[in-house]
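Shown next, in C-alpha cells, is the structure this report addresses.
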Amino acid sequence: MSIILIGFMGAGKSTVAKLLAEEFTDLDKLIEEEIEMPIATFFELFGEADFRKIENEVFELAVQKDIIIATGGGIIENPKNLNVLDRASRVVFLTADFDTLWKRISMDWQNVRPLAQDKEAAQLLFEKRMKDYSLVADLTIDVTDKSPEQIAEQIREKWEIE
C-alpha cells in the first residue's frame, strides 16, 4: 500500500519521501517526464487547468503501486485527486504555519514554483487548501520544529515501516 505525502509548498514532502525509501515517486518529476518540460513552463504555456488534468492522470497511475509518493502542493485542487486520496489508506499531511513555509519557499532556489511568486497570493492559496489537506489525511505532522529525519521516523512508527 502506498504512502502519499501531501501538504503546501515547502513542507518537505520530497525530502521526507527520500528518507522513507530509496526509490520513491516524486509526482512532479513524473509529470515533467509526461509533459516533456518543466512544470513552470507548462503553466505559462497551457495554464493551471490543463496541468491539473495531467496531474490527475499521472497520480491515478502512481497510486496503483506500492510506493512512497511525494505530491505537489496543489494535488488537492482537483476533486478527482481528492477522491483518490480519500480512498488511499496512508495519506500523510505535512503542515506548518504559513510564515515558516514561505521562508522555506523563498530560500529554495532549485524549484520554480509558479503559484509562489507573490506572498499575499500564496497565503490566500495556503488558507484555501488547509481544510482539504486535513480532510483526506490519515496522519498530520506539524513539521515546524522537526527535522526531516524526525518526520520520517514518525511516519515509520505509525505504519511500522522499516
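Our numbering is plain: 1 for the first residue shown, then up by one each step along the chain.
The backbone N, Cα and C atoms fix where each Cβ goes, and this holds for glycine too.
Positions annotated as ATP binding site by Swiss-Prot, on the basis of sequence analysis: G10, A11, G12, K13, S14, T15, R113. Residues annotated as Mg(2+) binding site in Swiss-Prot, with sequence analysis given as evidence: S14. The substrate binding site feature in Swiss-Prot is assigned to D28, R52, G73, R129; the stated evidence is sequence analysis.
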Those binding-site residues from D28, R52, G73, R129 that fall inside 10 A of K13 (ATP binding site) by CA distance are G73
For substrate, with binders D28, R52, G73, R129, what's the maximum Cα separation in whole Å?
18
Whole-number Å distance between the CA of S14 (ATP binding site) and the CA of D28 (substrate binding site)?
10
Restricting the comparison to the binding-site residues D28, R52, G73, R129, which residue's C-alpha is spatially nearest the C-alpha of A11 (ATP binding site)?
G73
Cβ contacts within 10 Å for R129 (substrate binding site), all chains included, total 19
